Amino acid sequence: MFDRQNTLAKTDPQLWEAIQNENKRQEDHIELIASENYTSPAVMAAQGSQLTNKYAEGYPGKRYYGGCEFIDVAEQLAIDRVKALFGAEAANVQPHCGASANQAVFLAFLKPGDTFMGMSLAEGGHLTHGMALNMSGKWFNPIAYGLDKNEEIDYEQMERLAREHKPKLIIAGASAYSKKIDFERIGKLAKEVGAIFMVDMAHYAGLVAAGVYPNPVPHADIVTSTTHKSLRGPRGGIILMKAEHEKAINFAVFPGLQGGPLMHVIAAKAVAFKEAAEPGFKDYQKQVVANAKALAETLIARGLRIVSGGTDSHVMLVDLRAKSMTGKEAERVLGEAHITCNKNGIPNDPEKPMVTSGIRLGSPAMTTRGFKEAEARQVGNFIADVLDNPNDPANIAKVRAQVAELTKRFPVYD
């Protein structure tokens, strides 16, 4: 019998200490990793609930195990809420992550060796869209499209390649692309060449839900996403689809790819979808975009180049070559100043993937803690101050003190 008073601090002091240290890091550092955010206490409460105890292979009303009547309620809430949020005909909320969601689409519609198209990883795509080391690149025949001379998606190249190769699947979406994507144009192309059109909106989902970024659902056969990042939910995946594809996708997720769903995570997804439907979430996402633009403009004014010239979303790539600095070096020195970001390749990057010539910055997390344009500009100046003089410990210490002053004014969790 378990004692509810037997806290984690008592049960496992070592782990508790690590968690508390991570909590302090999150409070004290400015988080600029574009794929990270802070979830609400309600999301965390659902994820830490007794639903973690229940096996529930199958779908609501059609389970392999008994005792799922309340589990069905939780999953159906998640399904109904995410469909309403994005205007989708059908949804699967069971994928454990975005990569699993993408793999399920491949399993549902492709056979090994089939041809598909996705955005080049080197120019802003995602590893699950055809990287040679990923399952998508090993088992299938990926054809990559990229960027034009303005560092925006080269739709003419995409159209030419699609007409030449006749892919069975066309993927839109990116992990490091700051501009809006023309989903309508790509959807028309997919119909023309007889391809399934899939959009991976993992990075943009929160913005889409709030109406500040184009919604791919009306134009795509399938839309996959994570539920964290800009959507601000737990770490997990979802698949939205036309009703005609529901059976194929559901069968691909279970039993094709996964066994038992993570019901505690699905419950947390349901909470996040409810939060995303509230009026305040739209205001939050508008601020996410405003903060990203303010950050980008500040960095440009301080002499840094932003890939594609700026941002229409929450994310941007900073080209560091003018500073004679690698992304790896910038990530490290900014971390010393308590500014967290990630190294990232830029288009036609001459450096290795674990070194890179750029960093990726995103505004969702700093916006969650209450930053507005003024604070975003401050952050931009902090970054520029560090990168202007990265080898001076006194300079790093000065910026770190300024970061501490700012983060104390805007706690993540009161």
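Counting starts with 1 at the first residue shown.
Each residue, glycine too, has its Cβ placed from N, Cα and C.
Swiss-Prot has this to say about the protein:
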BINDING   Leu121, Gly125, His126, Leu127  (6S)-5,6,7,8-tetrahydrofolate binding site
SITE      His228  site 'Plays an important role in substrate specificity'
MOD_RES   Lys229  N6-(pyridoxal phosphate)lysine
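Features recorded in Swiss-Prot, as mapped to the structure shown.
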residue: Leu121; record: (6S)-5,6,7,8-tetrahydrofolate binding site; DSSP class: helix
residue: His126; record: (6S)-5,6,7,8-tetrahydrofolate binding site; DSSP class: coil
residue: His228; record: site 'Plays an important role in substrate specificity'; DSSP class: coil
Tell me the Cβ contacts of His126 ((6S)-5,6,7,8-tetrahydrofolate binding site) under 8 Å, same chain only and six or more apart in sequence, or just say none.
Gly118, Met119, Gly173, Ala174, Ser175, Asp200, Ala202
Counting other Cβ atoms within 10 Å of each Cβ, which of the binding-site residues Leu121, Leu127 scores lowest?
Leu127
How many Å lie between the Cα of Leu121 ((6S)-5,6,7,8-tetrahydrofolate binding site) and the Cα of His228 (site 'Plays an important role in substrate specificity')?
21
Let me know how many other Cβ atoms fall within 10 Å of the Cβ of His228 (site 'Plays an important role in substrate specificity').
26
Work out how many Å separate Gly125 ((6S)-5,6,7,8-tetrahydrofolate binding site) and the residue listed as 'N6-(pyridoxal phosphate)lysine' at their Cα atoms, rounded off.
16
Provide, as an integer number of angstrom, the distance between the C-alpha atoms of His228 (site 'Plays an important role in substrate specificity') and Leu127 ((6S)-5,6,7,8-tetrahydrofolate binding site).
18
Residue with minimal Cβ packing [other Cβ atoms within 10 Å] among the recorded positions Gly125, Lys229:
Gly125
Cα separation, Leu127 ((6S)-5,6,7,8-tetrahydrofolate binding site) to the residue listed as 'N6-(pyridoxal phosphate)lysine' (Å, whole number):
17
